Each structure stands twice: as C-alpha cells, then as structure tokens.
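In Swiss-Prot this protein carries:
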type	residues	note
BINDING	73, 107, 170	Zn(2+) 1 binding site
ACT_SITE	75	active site
BINDING	107, 142, 356	Zn(2+) 2 binding site
ACT_SITE	141	active site, proton acceptor
C-alpha cells in the first residue's frame, strides 16, 4: 500500500472520502470535507438538507458570465457480502497493481476529489476568472433521488439561477480514462400493468377467465413493437418486461389477476405521451380489463457538439492523447434533472468496469489525470 505522504492531493482526498461509509442516503461528513476545502479558497457555501438528504450548492466568482457546475453524489451503494471483498470496502487501499480499491472509488468519490482539487487550483491560478465555478453535490443519487439533485434544481430554478455548463462526475470511461463521455441519456418510463380475469378451478375453465392466457398475446405484441428508429445520438427505444406475477401458488386454481412491470428506455424520437398512447391502444385491441400506473424517472436529454463538449474533448486529448467518443448509452443519472435548466451536460469520470461490484476499483493514477482534465476544461471555458 502507498504511504499517505506519497499520495497526491487528489488521492489523499479520494481516500478520505472512500473511508467514510456513506451508504445512501447517508453522507457520513463527506460533504463537510468538500465544503471545508472549497470554503478555504473562497467559495460561497450553501448547505441544503432536504428531508433525510444532505446536499450543498457552492459558487466562486461574479454574477456576470457563464456558469460551469461540477455535479456529483457522495452516497454509495451497499457493499454486498463484505467477506467476498479482497480488502475492506471502506479501507481505501492502493494495491500492488496501483489500483485504488474501495466502495465509491469509481462511483464516484474519485471524481469528487478530482473536481475539488482542480477547482482549488483554478481559482488560485485565476482568482478573477470570468463567470462562476459551481458545485451541486447530493447524498441521494443511488437511492430514490427525490430529495437530492432534483430538489436542489427546483430551488435553483425558483430563484432564477443559471447553469450554462455542467460536468457530472459519473464514471463514463469504459476501458481507458476519457475514452467515452456521456453527452446525453435516454429517458426512463416505468409502469405497473394490472390485467384482471376471473379466478376459478382449472378443471372448469369455462367458468373462469385466465389473465395469463389473456395477457400473453398483448405482452408479446408489446415486446415485438418497433417504437422508433432512434437517431444519430440515440439507439431505438427499448421495451423490457422485468417482472410477471400471477397465481395463488396452488396448481388447481386459475388466477384472477396478473401484474407486469415494464420499462421503456426511450430516445428523443419518442415522447412519454406517445408511448403511453401506443401501449393503451395495444391493450385495448386485445380487449383486456386493464389498468396501469406510470412512473417517469427522467426525460431524455442531449448535449450536441458545442462549447462544453468541445472543451472537454480537447482537454481529454491534451492530457491523455486520446480522442473521446460521445455516447448516450447506459442508465439514468442526475444529469437528467440538471438538463431541465437548459444546461449543456456532459458526464466524465473514471473507468466504470467495477461499479456497484464487489472489489470496486480504479487505477489510482487516473485520478490525477482526471484532475488535470477538469482543470484544463475550467481554463478553456472560464479563464
């Protein structure tokens, strides 16, 4: 293990944050450590505790000019079986292969450390920079996400705060640092479908209506439906059934009801209303007795090539020598809430190969490179 004195400022802070067991929605004083450092270099700090969630908003600079915000989360997912880890999950150990090991190393305490150190350096090097550097940090990203970034964004909108550009520190890289950045995400629309039949005895099917039999053709049609073609930035919209439940557990009883959980990951070529209408039409066509409860997790968003994406790509190229690939693949992130402010949003962070897994880890040296990428992006946009 590398001795603490040998660690860079970024790695020292990353290890400090990882050693705090901030399983969602607990923050475990991670934000206090970040705010202490940001406050020491002149950031204006605004803690926002909403229900059981810790958040903070911090800014440095004048009211005039563009705003570049770093966004992220201090909460992590549970470790899973601790005995399956090679090292203690919250030990923040750098192993013989130079890997920083621990829950949150990739998702996303490493990025948080890089953001803070890059911003410290930038405001000291450019104390009179144009516009503002901002931070929007939450402890409610891995959980329900009701009282975190979403709620903070609503407060910022209510007082007419402006965010021009936002870098979310989600682990976007796939094989090498900076090989992929996320310049958008698909929308996520979930539903619980209930199809009602009539319970009865399996020996007397004429006296019952089997909801499994009734639902099967409709579900098959939904699964086979071609929802859209996608576009240059998004793949076609996908429909997936994740759960089917029916039956009493007895082998001689026709069930009276079936429930199905399904999810759309949808592109900008489809709308919530359009998808809902098409589902309703298919269910009605099969003459089912049905009801559905919809849950929208987030709308699709896209940051097209422009100032932010260009600056990030140039910084990655300058630091690593590699060309980045913009992508909209993967799940949702808090970027979906920030994008509703009309903000250009890009996700850039470490390699995501072990996120949410036992033995989460990243190459420790990547964090110093990530700090430099964030710093160079600040220089390009606000110096």
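Please read every residue number as a count from 1 along the shown chain.
Every residue, even glycine, has its Cβ placed from backbone N, Cα and C.
For the Zn(2+) 2 site, the Cβ centre of 107, 142, 356 serves as reference, and the other residues of the chain with Cβ at most 8 Å from it are 76, 77, 104, 108, 355.
Other than 73, 107, 170, the residues of this chain whose Cβ falls within 8 Å of the Cβ centroid of the Zn(2+) 1 site are, in sequence order, 72, 108, 111, 141, 142, 168, 169, 171, 333, 349, 355.
Annotated pair residue 73 (Zn(2+) 1 binding site) and residue 141 (active site, proton acceptor), C-alpha to C-alpha distance, rounded: 6 Å.
A 10 Å radius around the C-alpha of residue 75 (active site) takes in these binding-site residues out of 107, 170, 356, in sequence order: 107.
For residue 170 (Zn(2+) 1 binding site) paired with residue 141 (active site, proton acceptor), the C-alpha to C-alpha distance reads 11 Å. In the three-state DSSP assignment, the secondary structure recorded for residue 107 (Zn(2+) 1 binding site) is helix. It is 11 Å from the Cα atom of the residue listed as 'active site, proton acceptor' to that of residue 107 (Zn(2+) 1 binding site). Least crowded of the recorded positions (75, 107, 141, 142, 170), judged by neighbouring Cβ atoms within 10 Å of its own Cβ: 142.
In this structure, of the binding-site residues 73, 356, the smallest number of CB atoms within 10 A of the CB marks 356. Mapped onto three states, the DSSP output places residue 73 (Zn(2+) 1 binding site) in strand. A straight line from the CA of residue 142 (Zn(2+) 2 binding site) to the CA of residue 107 (Zn(2+) 1 binding site) spans 10 Å. In this structure, the CA atom of residue 356 (Zn(2+) 2 binding site) is 8 Å away from the CA atom of residue 107 (Zn(2+) 1 binding site).
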